[in-house]
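Asks: Please find one structure pasted underneath; my questions will follow.
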Amino acid sequence: MFGIKNKITLDTSIASGPEALFAKYMHKPQVNYPNVGEKNETYLKKVYMQTWGCQMNVADSERMLGLLGTLNYRPTENLNDADFILLNTCHIREKARHKVVSRLGEIKPLKEANPNIIIAVAGCVAQAESQALAKEVPYIDMIFGPDQIEELPQLIEKIIKKNDLECKTEETYTTHKHKPYVLTKFDNKEQGYSIPIDVIPPYYDENKNEVTRYVNIIKGCNNFCTFCVVPYTRGREKSRPENEIIDEINFLVKKGVKEIILLGQNVNSYGLDLIGAADVHSSNGKLPFADLLHTVSNIPEVERIRFTTSNPHDFTPQLADAFAKLPKVTNSFHLAVQSGSDRILDRMNRQYTRAEYFERVQWIRNVRPEIAFSTDIIVGFPGETDEDFANTLSLVKEMQYAFIYAFKYSIRKGTPATRFKDQVPEDVKDRRLQILLDLQKKETERQNLGEIGKVRDVLILYKNRKDENTWYGRSNEGRLVKVHSPRNIMGLILPVKITAANLTALEGHLA
């Protein structure tokens, strides 16, 4: 009865709710981009890109495709056709480097057969473990972190010149004479976060009819949660100038994009590093991010606005006020809690208590009573007792989340939590994770079944490949909805009466 298009696979968590269906159909963590139509451009080279990880990595991959487009590269889904192979990596989960090295091992025969193929590793594994990668996989041509994406054209130019000068053989790789270019330094404090669209055009496939897109607004994180590698792999917070963000959104909506997802590791902090700069304005007492939401909402062609991720400790009443005043902001909100225990929250350095989390939730529910909340939760954090875990379960019951992303804690090298001596045994983590998922499964199913008979506004995202009369979209509450219609409804927001539901999705007909 239900189905889903496997557009992007995010290999970051075990999820319950609609997003869990992505994991069910996951084979390899990758972003598959169809070929850009050649009617407008003459492309001479092909790039195969594989992406692991969070939405930031997906957005970074799109940025790199935009840059590569200026160098006459086009995407290919066929690894064997590629002139350039780029792996954009994630360092959140355990054994992240091993996964990348394994994939590189599969690619090695292609490099041996054609030494001029360029192999690159980008992202957070590249940032955190560049030296180990360079030593373990010497046939990589370049290794660069998230802060060095803009250097990609220069790196490619260096490698092409080097390939023109050298005659590489199998011996070159096995004897480690071949050394990759490594760029993993963070931008200096004075260097801002700038992605001008006239220099780095957004990647957009004219043939895809995309209706929802990520737009980066801030990078890095200043929070230093004790379990998290992000401040060490993506650096400190830096905001993009507002005018660049608006320029990019205007570019995308002219292409037909209807929903904009503002993206950052902590969007609440947007603009705080730029206060006083001409590119960021703050009016009527609003904080910069709340102000940005109002500005984006004023773009007529933008029909929906989402944002991720938010840290509860700096979520403000001004942001809750944006939910009250801006109907374009969707009726769904992801607010990561991580634990329901104050003791564990303190050890995590989350900078809020359980009571403060509920306070922020109430700010939003006061203005959006039916809002659908989702969250992230870590089980088995060092020192977590049965009582601490029980507090997490009670929070989940009280919150009534639409769905959750649940993780087992895993040691991340270089983070403060690795020094805690009271690590939780793996079997205890496994048991607690299953208890949590079982609890949330019941709640998600209860909520989905409760949608039957209601009329929801659904943004139509794509058509079923096997049935031209079946479409898939998302309700304003973030739930996946299967819709039957004989006419072309792609990209429209339409009222849909829900007639059926299960754990992963809803189904309905046009109201």
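Residue numbers in this text run from 1 along the chain shown.
Any Cβ shown, glycine's included, is placed from N, Cα and C.
Because TrEMBL annotations are produced automatically, they should be read as predictions rather than curated entries.
The domain 'MTTase N-terminal' annotation in TrEMBL covers 45-161. Summarising the annotation, TrEMBL assigns [4Fe-4S] cluster 1 binding site to C54, C90, C124. What TrEMBL lists as domain 'Radical SAM core' is 207-446. Summarising the annotation, TrEMBL assigns [4Fe-4S] cluster 2 binding site to C221, C225, C228. Among the features that TrEMBL reports, domain 'TRAM' is placed at 449-511.
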Asks: When a 10 Å sphere is centred on the Cβ of C124 ([4Fe-4S] cluster 1 binding site), how many other Cβ atoms does it contain?
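Replies: So the Cβ neighbour count for C124 ([4Fe-4S] cluster 1 binding site) comes to 26.
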Asks: Do me a favour and check the Cα-Cα span between C124 ([4Fe-4S] cluster 1 binding site) and C228 ([4Fe-4S] cluster 2 binding site); whole Å is fine.
Replies: 12
Asks: Could you please provide the mean pLDDT value for the domain 'Radical SAM core' (207-446)?
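Replies: Per the prediction, mean pLDDT sits at 93 for the domain 'Radical SAM core' (207-446).
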Asks: Can you give me the same-chain residues 6 or more apart in sequence from C225 ([4Fe-4S] cluster 2 binding site) with a CB-CB distance under 8 Å?
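Replies: Looking at Cβ-Cβ distances below 8 Å from C225 ([4Fe-4S] cluster 2 binding site), excluding near sequence neighbours, one finds Q338, M348, N349, R350.
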Asks: For the domain 'MTTase N-terminal' (45-161), how many residues does DSSP put in helix, in strand and in coil?
Replies: 65 helix, 24 strand, 28 coil
Asks: From the centroid of the CB atoms of C221, C225, C228, the recorded [4Fe-4S] cluster 2 site, which same-chain residues not already listed sit within 8 A by their CB, in sequence order?
Replies: N223, F224, F227, V229, V230, P231, Q265
Asks: Calculate the distance in Å between the alpha carbons (Cα) of C228 ([4Fe-4S] cluster 2 binding site) and C90 ([4Fe-4S] cluster 1 binding site), and round it to a whole number.
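Replies: Their Cα atoms are separated by 12 Å.
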Asks: Tell me the Cβ neighbour count for C221 ([4Fe-4S] cluster 2 binding site), meaning other Cβ atoms within 10 Å of its Cβ, over all protein chains shown.
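Replies: For C221 ([4Fe-4S] cluster 2 binding site), the 10 Å Cβ neighbour count is 23.
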Asks: Including all protein chains displayed, how many Cβ atoms other than that of C228 ([4Fe-4S] cluster 2 binding site) lie within 10 Å of its Cβ?
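Replies: If we count other Cβ atoms within 10 Å of C228 ([4Fe-4S] cluster 2 binding site), we arrive at 21.
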Asks: To the nearest whole angstrom, state the Cα distance for the pair C54 ([4Fe-4S] cluster 1 binding site) and C221 ([4Fe-4S] cluster 2 binding site).
Replies: 14
Asks: Would you mind reading off the Cα separation of C221 ([4Fe-4S] cluster 2 binding site) from C90 ([4Fe-4S] cluster 1 binding site), to the nearest angstrom?
Replies: 16
Asks: Once the chains shown are all counted, how many other Cβ atoms turn up within 10 Å of the Cβ of C54 ([4Fe-4S] cluster 1 binding site)?
Replies: 21
Asks: Give me the count of other Cβ atoms within 10 A of the Cβ belonging to C90 ([4Fe-4S] cluster 1 binding site).
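Replies: Around C90 ([4Fe-4S] cluster 1 binding site), other Cβ atoms within 10 Å: 23.
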